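Notes for the one structure printed next.
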Amino acid sequence: MVGRILGGIATSLLFSAFESWLVAEHFKRGFESQWLSITFSKAVFFGNGLVAILAGLLANFLADTLSLGPVSPFDAASCFLAFGMAIIIFTWSENYGDPSEGRNLLIQFKAAASAIASDEKIFLLGAIQSLFEGSMYTFVFLWTPALSPDDEDIPHGFIFATFMLSSMIGSSLASRLMARPNIRVEWYLQIVFLVSTAALFSPVAINFFITSTGQKGGSLTPTGRLLLFAFCVFEACVGIFWPSIMKLRSQFVPEESRSTILNFFRIPVNIFVCVVLYNVDAYPITGMFGMCAGFLFLAAVLQNRLKLAVEKPRTKTVENWTSGTETDSEMEPLNA
């Protein structure tokens with residue numbers, strides 16, 4: 001339990017403080033703003049993808065091939081974490097923010113809450129992130145029983161590596177999409193959420209049309225292979241989601257409150273996952289997948305609302321220009 005508490009703190013830092021540090025360091029060094037999307041996609045490709053594949057293969061090698069037991073991957077992970085800690089301490093520069101502000105923790109939380117309440121785009125972004133991440137983390141606990149409902153012997157490490165390979169493909173696709181100026185992140189993320197909805201709804205549909213044989217043991221069944229393909233599609237969507245949502249956060253979330261706001265968004269995710277795990281035996285696994293699919297569909301609806309909110313100022317400017325009621329500030333580029 002202590003390990004999970006520390007892991008939760010580390011995860012929040014990884015997905016909030018690190019991203020804030022990266023964005024601030026990027027602009028402090030005078031890099032181009034469009035390079036951020038490339039950095040985010042590379043981070044997902046190599047970090048969440050390639051390294052995770054190697055980690056899954058290493059875990060399978062330690063636990064099964066060397067017969068060191070299920071705890072051995074955790075022991076190996078502690079060694080890599082210590083190595084990473086040493087690299088960060090001795091090579092990364094610290095970012096303390098603006099010391100002249102002198103804001104305490106309560107003031108930071110109030111500022112973050114005010115930013116979320118006053119800006120619809122930040123609120124929608126947080127809701128979308130919470131819905132997708134909640135479904136994603138629930139999927140982490142559901143894919144194993146879904147692929148082996150009758151205690152089939154499945155290679156967990158290799159399946160995990162396959163998931164990470166799918167995520168790498170998705171992150172590579174995201175980098176290509178974000179590099180095209182005529183394709184907006186707000187537009188293609190709607191498609192990503194709809195495809196994710198169909199992927200996680202597949203266990204419900206398959207269970208409706210195909211009944212289990214009830215035979216215990218054996219290897220991965222044809223139904224399991226079909227589900228594995230659907231789950232790989234979902235992981236590819238996860239690979240597209242991470243760099244895309246990071247780019248949107250860098251655009252809409254204010255720099256001075258980024259870490260606090262990002263941690264605000266993680267609170268409902270953690271509550272949702274805890275509630276699901278506490279009641280995991282009370283509902284069938286297909287019901288859990290159906291709930292996740294519903295959340296992803298709601299994320300697609302909110303993403304469409306975010307797209308309209310982003311396009312609204314531009315539409316108003318065009319309407320004012322065509323009606324001859326443009327302001328002086330709008331006319332300045334035309335006069336120039």
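Cβ atoms are placed via backbone N, Cα and C, with glycine included.
Summarising the annotation, TrEMBL assigns transmembrane segment to 6-24, 44-62, 74-93, 122-144, 156-175, 187-206, 226-248, 260-278, 284-302.
Within the chain carrying the transmembrane segment (284-302), a Cβ under 8 angstroms from the stretch's Cβ atoms is held by residues 124, 127-128, 131-132, 134-135, 138-139, 142, 145-146, 149, 190, 193-194, 196-198, 200-204, 207, 276, all 6 or more beyond its ends. Among residues of the same chain six or more beyond the transmembrane segment (187-206), those with a C-beta under 8 A of the stretch's C-beta atoms are 132, 135, 139, 146, 177, 223, 226-227, 230-231, 233-234, 237-238, 240-241, 244-245, 285-286, 289-290, 292-293, 296-297, 299-300, 303-304, 307.
Sequence-distant neighbours of the transmembrane segment (122-144) (same chain, 6+ residues past either end, Cβ-Cβ under 8 Å): 115-116, 154, 156, 159, 163, 193, 196, 200, 231, 234, 238, 241, 245, 248-249, 252-253, 261, 264-266, 268-269, 272-273, 276-277, 280, 285, 288-289, 292-293, 295-296, 298-299, 302-303, 305-306, 309. Distant neighbours of the transmembrane segment (226-248): 19, 36-37, 40-41, 43-45, 48-49, 125, 128-129, 132, 136, 139, 143, 146-147, 159, 162-164, 166-175, 177-178, 185-186, 188-189, 192-193, 195-196, 199-200, 202-203, 206, 220; these residues of the same chain sit at least 6 beyond its ends, with a Cβ under 8 Å from one of its Cβ atoms. Long-range neighbours of the transmembrane segment (44-62) within the same chain, counting only residues 6 or more positions beyond its ends whose Cβ lies under 8 Å from a Cβ of the stretch, are 68, 72-73, 76-77, 155-158, 160-161, 164-165, 167-168, 171-172, 174-175, 239, 242-243.
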